[in-house]
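Student: First the structure, then my questions, so here it is.
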Amino acid sequence: MSKNKIRHILSSTVTFLTTYRRLGRLSTQESRGLSILFTRNMATTTINSPRDPNTLSNYNNWRTLHTSTTLDILFDQQKLKGTVAHDLQAITDGESDEIILDSSHVLIHSIMAEGKAAKWETAKRLEPYGSALKIKLDRKPKLNEKIGIQIELETTESCTALQWLTPAQTSNKKHPYMFSQCQAIHARSIFPCQDTPDVKATFDFNLKSPLPVIASGLGAKENPTSPSADGSHQLYQFHQRVPIPAYLYAIASGDISTASIGPRSTVATGPDELKDCTWELEESTEKFLKAGESLVYPYAWGEYNVLVLPPSFPYGGMENPVYTFATPTIISGDRENVDVIAHELSHSWSGNLVSNASWEHFWLNEGWTTYLERRIQSIVHGSDQWRDFSAIIGWQALTDSIKNFGEEHEFTKLVIDLKGKDPDDAFSSIPYEKGFNFLYYIEKLIGQQEFDKFIPHYFETWRGKSLDSYDFKTTLLDFFKPDGKVSAKLAEIDWDTWFYKPGFPPKPDFDTTLVDVAYRLAEKWEGFTRNPDGPSDFKPSKLDIEGWTANQVVVFLEKVMASKTTLPMRHANHMGDVYKLKDTRNVEVSARYYQIAMASRDQSIKEFVVKMLGQVGRMKFVRPLYRGLMKLDYERAVETFEKNKDFYHPICRGMVAKDLMGSKKE
Ligand code: BES
Ligand code: ZN
């Protein structure tokens, strides 16, 4: 049978299996069984269909074992230039003489394979995946044979992973800054690689820069600690000894200083911000680490450090190994946003050691991480009320995301179809919260004591590997097989509904102790909505929220927002004034308040919103604020975007541009 014919049969079979699974004719288990059978029969030849639809690489023929990046950070040209070397291993026997790598907007100068100049070509761009790089070998290596390749390259202006800041765009305005954000599929815009979470490699970083450098590996003792006096480039070296997927490759360079925040932890940030950042993080970091270790097993990465980035960092946090990258919005002066650190730290087990095999199973990364993050909160605070508090906030985020997509949307499922799609477009709170709720449901079903035995087992079984949702199911059921009682309970799980039903999961009975006061206050405000001008016993005062945590205020604001009718403008404005919500340093609070004010069509809030959109580049705030502003004043939204687009990270810029275009069409 010709290769093409096999490929055709395989691809149509994969479609057939997926369609059937979606139609509910086959259970996940049955269809998985079938696909395994199928690949077993066929795979003695070339292709077994890869699990990850978002890579163009032929990673079912080759596996990257080690990657060494030697790059010069050229601030004046805003690019990286150098060599990337991959050691790859053949995982098929004498079948492939071509290595295909993901590559997007990278300028390639030359390629060597096995020490000799190699033939190579880049395929036509396929959005959103880039242009596959095809490297021709002059033979077909045998199973397990290793091949070394070296690529001379430079990044381009279109690179989606890197943001370059001019000195004027940084806080002390003295030096330029650059940082990367590779999740989900942006590593390929720094260097050609197998850009799939289903492949893990060890990494070396040899980076030259005039300014301090940070990377997702352990730093060499000899690394310089301050900018070079004369602007010359100094060498910084890092090594990541634990195999990681390409999306965890991370670098940053700028005027960065460091301080200790715990026995195995350092915070790095701009010299002027160092004191505030240290205060915010030093109390909790080691406590979180210990709590995480007590739930799973010892921390595997040596150090746990945090880099607090400039405000255009597009996420709350990114779990880059050794160095979590974090938004400066967590430095709120009240230690109320350190849950982001508990979250990123939890990824040290879920995501970084045990990874989703593709972005279709992203809940395995984020749902597990949200679960661990909330267990850590409970341990640190000494009560389970705290995780329910956080879970209630999460349920609201889930509700917003489901409403945004629509209840029947593919991306509201736990396991999603990303064929031909951009994982960034699917990003929302759904994998986090539906994933959390799934694990919470299983925990309640079998009891926390039993579930706690499974946690280390799961993380040990998949340590250093990648898995999909069916592997998760098998691991859970197999672990409890010897225990008839637990197994009987697990038999109740309706796996296909959890995996494939769009919309809401069943809502658990959360402990509302910590949110009750906030709900009661929200009800009082709702009185104004029902009867805006009538007499009222309720006279809002700053005492209403005295002694509250910022997160209780968040719950209050969300409850008001979730109300079916909007608060009249006069009252919304008054709320902002009495509770001092318009200008608080805690963006979680002010950004939510702005939504209430915008919904009430309070034009005076626009100035605050526009100001925030020029100061914060975290997508969690930026995208909803633009959505609100678009409804209130579309022209102003476009004008604000035009003004700030260079401030935003390319990923954020792209997403907001899409949002603005989308709403115009409506
Ligand atoms: N890994 C994510 C961030 C991410 C996801 C980047 C997908 C790119 C693509 C990170 O761990 C995360 O979840 N961050 C949250 C923090 C929050 C849930 C505490 C964020 O950015 O808001
Ligand atoms: Zn996360």
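Cβ atoms here come from the backbone N, Cα and C positions, even for glycine.
Bear in mind that TrEMBL entries carry predicted annotations, made automatically and left uncurated.
When I checked TrEMBL for this same protein, it listed these features:
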ACT_SITE  Glu344  active site, proton acceptor
ACT_SITE  Tyr432  active site, proton donor
BINDING   Gln181, Cys182, Gln183, Pro314, Tyr315, Gly316, Gly317, Met318, Glu319, Arg618, Met619, Lys620  peptide binding site
BINDING   His343, His347, Glu366  Zn(2+) binding site
DOMAIN    513-660  domain 'Peptidase M1 leukotriene A4 hydrolase/aminopeptidase C-terminal'
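Give me the lay of the land around each of these features.
Tutor: Cβ environment of Glu344 (active site, proton acceptor): Val306, Gly317, Met318, Glu319, Thr324, Ala326 lie under 8 Å away, each six or more residues apart in the same chain.
Secondary structure at Tyr432 (active site, proton donor), as computed by DSSP, is helix. Long-range Cβ contacts of Tyr432 (active site, proton donor) within its own chain (separation 6+, distance under 8 Å): Trp363, Glu366, Gly367, Thr369, Thr370, Gly394, Ala397, Leu398.
In sequence order, Tyr247, Leu248, Met318 make up the list of same-chain residues 6 or more apart from Gln183 (peptide binding site) whose Cβ falls under 8 Å from its Cβ.
The Cβ of His347 (Zn(2+) binding site) lies under 8 Å from the Cβ of Glu319, Asn365, Thr369, each of these being in the same chain and 6 or more residues away along the sequence. Under the three-state DSSP scheme, His347 (Zn(2+) binding site) falls in the coil class.
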Student: His343 (Zn(2+) binding site) to Gln181 (peptide binding site): how many Å between their Cα atoms?
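Tutor: Approximately 17 Å lies between the Cα of His343 (Zn(2+) binding site) and that of Gln181 (peptide binding site).
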Student: How many helix, strand and coil residues does the domain 'Peptidase M1 leukotriene A4 hydrolase/aminopeptidase C-terminal' (513-660) contain under DSSP?
Tutor: 102 helix, 0 strand, 46 coil
Student: Sort Gln183 (peptide binding site) into helix, strand or coil using the DSSP assignment.
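Tutor: Looking at the DSSP assignment, Gln183 (peptide binding site) belongs to neither helix nor strand, so coil.
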Student: Where the record says Gln181, Cys182, Gln183, Pro314, Tyr315, Gly316, Gly317, Met318, Glu319, Arg618, Met619, Lys620 bind peptide, what is the longest distance in Å from one Cα to another among those residues?
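Tutor: Looking at Gln181, Cys182, Gln183, Pro314, Tyr315, Gly316, Gly317, Met318, Glu319, Arg618, Met619, Lys620 as a set, their Cα atoms extend up to 17 Å apart.
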Student: Could you give the mean pLDDT over the domain 'Peptidase M1 leukotriene A4 hydrolase/aminopeptidase C-terminal' (513-660), rounded to a whole number?
Tutor: 94
Student: For the recorded Zn(2+) site, whose residues are His343, His347, Glu366, find every other residue on that chain with a C-beta no more than 8 angstroms from the centre of their C-beta atoms, and list them by sequence position.
Tutor: Gly317, Glu319, Glu344, Ser346, Ser350, Gly351, Asn365, Trp368, Thr369, Thr370, Leu372, Glu373, Tyr432
